[in-house]
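Below is one structure, written out as structure tokens; comments come after it.
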Protein chains: 4
Amino acid sequence: MKFLIIGDVIGRTGRNALREFLPSLIDKEEPDFIIANGENAAGGFGITKKVLDELLSMGIDVITSGNHIWDKKEIVQFIDQEERLLRPANYPPSALGRGYGIYKKNDKRIAVINLMGRVFMGIPLDCPFRTFDEIYEKIKDTVDYIVVDFHAEATSEKMAFGYYVDGKADIVFGTHSHVPTADEQILPKGTAYITDVGLTGAVHSVIGMKIDQPIQKFLTGMPVKYEVATGGYLFHAIVVEKTDEKTEIRRIKMKKE
Amino acid sequence: MKFLIIGDVIGRTGRNALREFLPSLIDKEEPDFIIANGENAAGGFGITKKVLDELLSMGIDVITSGNHIWDKKEIVQFIDQEERLLRPANYPPSALGRGYGIYKKNDKRIAVINLMGRVFMGIPLDCPFRTFDEIYEKIKDTVDYIVVDFHAEATSEKMAFGYYVDGKADIVFGTHSHVPTADEQILPKGTAYITDVGLTGAVHSVIGMKIDQPIQKFLTGMPVKYEVATGGYLFHAIVVEKTDEKTEIRRIKMKKE
Amino acid sequence: MKFLIIGDVIGRTGRNALREFLPSLIDKEEPDFIIANGENAAGGFGITKKVLDELLSMGIDVITSGNHIWDKKEIVQFIDQEERLLRPANYPPSALGRGYGIYKKNDKRIAVINLMGRVFMGIPLDCPFRTFDEIYEKIKDTVDYIVVDFHAEATSEKMAFGYYVDGKADIVFGTHSHVPTADEQILPKGTAYITDVGLTGAVHSVIGMKIDQPIQKFLTGMPVKYEVATGGYLFHAIVVEKTDEKTEIRRIKMKKE
Amino acid sequence: MKFLIIGDVIGRTGRNALREFLPSLIDKEEPDFIIANGENAAGGFGITKKVLDELLSMGIDVITSGNHIWDKKEIVQFIDQEERLLRPANYPPSALGRGYGIYKKNDKRIAVINLMGRVFMGIPLDCPFRTFDEIYEKIKDTVDYIVVDFHAEATSEKMAFGYYVDGKADIVFGTHSHVPTADEQILPKGTAYITDVGLTGAVHSVIGMKIDQPIQKFLTGMPVKYEVATGGYLFHAIVVEKTDEKTEIRRIKMKKE
Ligand SMILES: [Fe+2]
Ligand SMILES: [Fe+2]
Ligand SMILES: [Fe+2]
Ligand SMILES: [Fe+2]
Ligand SMILES: [Fe+2]
Ligand SMILES: [Fe+2]
Ligand SMILES: [Fe+2]
Ligand SMILES: [Fe+2]
């Protein structure tokens, strides 16, 4: 089974990058299953039904998300209808949407679980470690693969989670920082892990957004409207291949200036 | 010299409370100088020119603010024009607006300094302690009274500031928590101090806002639009009287269900 | 039923205040049940077995706590043995200690629940709102009174919680800020509520600690060892009296310079 | 001019990694100037005089640091004596130690500036952007190279800073996350940039520390003592080569299981 996993897709520029690079990458890698984090896919903040459909039409099987999932108001109208869109499973039970799904593909049953870290996130979430345990107990006997998008700020929480589920999850990939990390690895009990896949979005940007706006915010303390940076784009992803013999994880970086 | 100081005025309900209680209170107390924190005066978030004028027309001499000062977009168009509106002085120098002013009233020169704490505030501010020192050195020989609105979350930062400027400032009043504290006191070197004056706004509310909305936010983790609570209102203020002989500080609470 | 509730007791100075004021207050008020928050009772940080016994010997029935509960290392050796010591119930299930207890006194069964807010607390806690619900469902039919120590930083979370349990809990008192609030009230459905009872500790102090130390920390950014302030002391408490006819809440402040 | 830059060195395991890999790397790369971040070099927390001397004796020219600089108490006794040890320059002026230095090497004058981000750091620091500006104005005409260790949590702050000083600093390298990022690049105006160099420390670890300890902390909410992980080690660094014609940046990763 071969997974292609794409990190936070940032606005139109990120979607342009997908349109540019994804078709040939699919041809070349022939992944069985594709996941992308879409929390910033619409204008850099949240996701709309239209953008969701655009991503799914590109061959992406499941869209995960994170703290920005609620940014576009229309989300509350369609999040419960779309099984292929996930929000972190450790939102309280009364939150809209679903936190994991089981998807059939090529005769395999693949569970994708979306979780969010709590350190520095400022959101009243349930414990992601125990939420994983609960879901795992429910699904472990009925699925062939378990893939987790752990959307978090603190590297310590991300790595602790990776080790915590090592041998239970097949893949743990981090998102949220919008910067790719160079620590892709197979943990001791077999889980493929990376702290952050990195953004798919503008090259010349501060985590996908126009450069001057965050600088202004840091300099003045005044709130600044953030807009998606345009121009050349970066595409970051990982490919994880899992066979009976071994597991491999590989970073992919493509760029068009 | 007698000061009447009103904490965070929350939306229309807070302005109703002012209209109800302020005229008779002015008649009764005959304050020389009136200050109110207006950061939540317009719809609970920020302040507009219209609301500012409304507050000033009620006899308030200076409007201070805090982290919500920028919430209404039009603020950037008038904050530089209005000397009687302050934003925290420890915003970086390139922020719009002014952080202190010197006002003449009854033959006295009164400096009002607005500062913001940094603990838990999440805003890239300069040090409020050293900002006070800088302003103090500039103005100390030219003013008769120094009054500080220290807008902050952490009680430790508020009290540390109070003691830091004890004997230099005449009054340090805290704002931001929207809950009145019962610790009004004269510090050892003579500064009149209170950790928080408390809100002027709705009685049945969570810090001035509708009750169900913050509860929903805590229960679901999803963002919730906050609206100003209506109905009966509370008015919280302090009166500080300073004569050659002594300084007195007194809390005032008025309520209309 | 008459409850006497004391907020955070800060170190030896706070215990001195208890020794000074509590006996005569007990004589005068004749409370049926006494609660104190002991998270800072030993040297300002945590609680030891010796200090716990000292507090209990003064007639306090239950000691609640908060984020500082683990500060003294020996706590892990006795917290599971002492039913009258509580730590917040929304620590994860695998934490040591207990989060609530049911205590018999004067033929009544009184449940005391300790909870901690999450905003700004930086601790991976479970949802205090839902933790209350779970405990409430278990105990509601077997107890006569429910009292909650809600140990939290943000006033919004404290008030939201108060309204959330209004009519279910008999008393919700806040702790942690070490500053008494002047918002004691009976909520619409009958719960007696105060945002913070305030410290029992040194008069001239920054939330109970020596004044210069927090000031140094704010000025230099370097870590500073905090020590309990000595000298004159303050005693803050509330008295809540609940009869079939009505509920009353009253603040008590006593001071010895 | 060729720079070898090593990120956070974590405890004895990290120093073992230096001893293993640094000599041959120096032979191979022949760097003109070597920098390492030493904030975790002694037992994972802070730095001692002995450890500092050990690092300097390995050929490292300058040791930078960050939020952990004060963790070992003895630091206050030697930080003012050692010109080759830096703490972030945006600590308030009254903090001990120095925030930048100018070092002569191979007939060149190299300024090393240490700065710390403020987002999520919880330390009352001055603005790192404006602190850079002040230092830059003082030194720009007297130095040949400017290298900045920007020690920060938030990727947005790190990248914003990189762009802010693009063309002024020769190198901006990030530290603190303990995870290497794969975004090394030359910014449009010529500054060599990476968001995080990554740790030099234990392979099987959570950011250099034993795995079970952070997991326990996340699961129980109780404080846990962190210890440096042992066993195999990772060495992460960057090499930046700057000539009149061009600037190159390259990541180095070496591992011994
Ligand atoms: Fe994102
Ligand atoms: Fe995110
Ligand atoms: Fe406010
Ligand atoms: Fe505020
Ligand atoms: Fe406390
Ligand atoms: Fe506390
Ligand atoms: Fe570090
Ligand atoms: Fe650090």
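Yeah, the Cβs are placed from backbone N, Cα and C, and that goes for glycine too.
Cross-referencing A:GLU30, A:GLU39, A:GLU134 with the Fe cation 2 binding residues that TrEMBL gives (A:ASN67, A:HIS151, A:HIS176) picks out A:GLU39. Site annotation (TrEMBL): Fe cation 1 is bound by A:ASP8, A:GLU39, A:ASN40, and the candidate from A:HIS178, A:HIS204 recorded at this site is A:HIS178. Using a 10 Å radius centred on the Cβ of A:GLU39 (Fe cation 1 binding site) and all shown protein chains, the other Cβ atoms total 28. Annotation for A:HIS151 (Fe cation 2 binding site): spatial neighbours A:ASN37, A:GLU39, A:THR64, A:SER65, A:GLY66, A:ASN67, A:PRO88, A:ASN114, A:LEU115, A:MET116, A:GLY117, A:GLY174, A:THR175, A:HIS176, criterion Cβ-Cβ under 8 Å with sequence separation of six or more. Looking at A:HIS178 (Fe cation 1 binding site) and A:HIS68 (active site, proton donor), their Cα atoms lie 13 Å from each other.
All chains included, 21 other C-beta atoms sit within 10 angstroms of the C-beta of A:HIS68 (active site, proton donor).
Straight-line distance linking the Cα atoms of A:ASN40 (Fe cation 1 binding site) and A:HIS68 (active site, proton donor), rounded to a whole number, equals 7 Å. The two recorded residues A:ASP8 (Fe cation 1 binding site) and A:HIS68 (active site, proton donor) have their Cα atoms spaced 11 Å from each other. Compute the center of the Cβ atoms of A:GLU39, A:ASN67, A:HIS151, A:HIS176, which mark the site for Fe cation 2; besides them, the chain residues with Cβ within 8 Å of that center are A:ASP8, A:ASN37, A:SER65, A:GLY66, A:HIS68, A:ILE69, A:PRO88, A:MET116, A:ALA152, A:THR175. The Fe cation 1 site, placed at the center of the C-beta atoms of A:ASP8, A:GLU39, A:ASN40, A:HIS178, has further neighbours from the same chain whose C-beta lies within 8 angstroms: A:GLY7, A:VAL9, A:ILE10, A:ASN37, A:ALA41, A:GLY44, A:GLY66, A:HIS68, A:THR175, A:HIS176, A:LEU199, A:GLY201, A:ILE207, A:GLY208.
In this structure, the binding-site residues A:ASN40, A:ASN67 were compared by how many other Cβ atoms lie within 10 Å of their Cβ, and the smallest count belongs to A:ASN67. Proximity to chain D, defined as a C-beta distance under 8 Å, is registered for the following binding-site residues out of A:ASN40, A:HIS151, A:HIS176, A:HIS178: A:HIS178.
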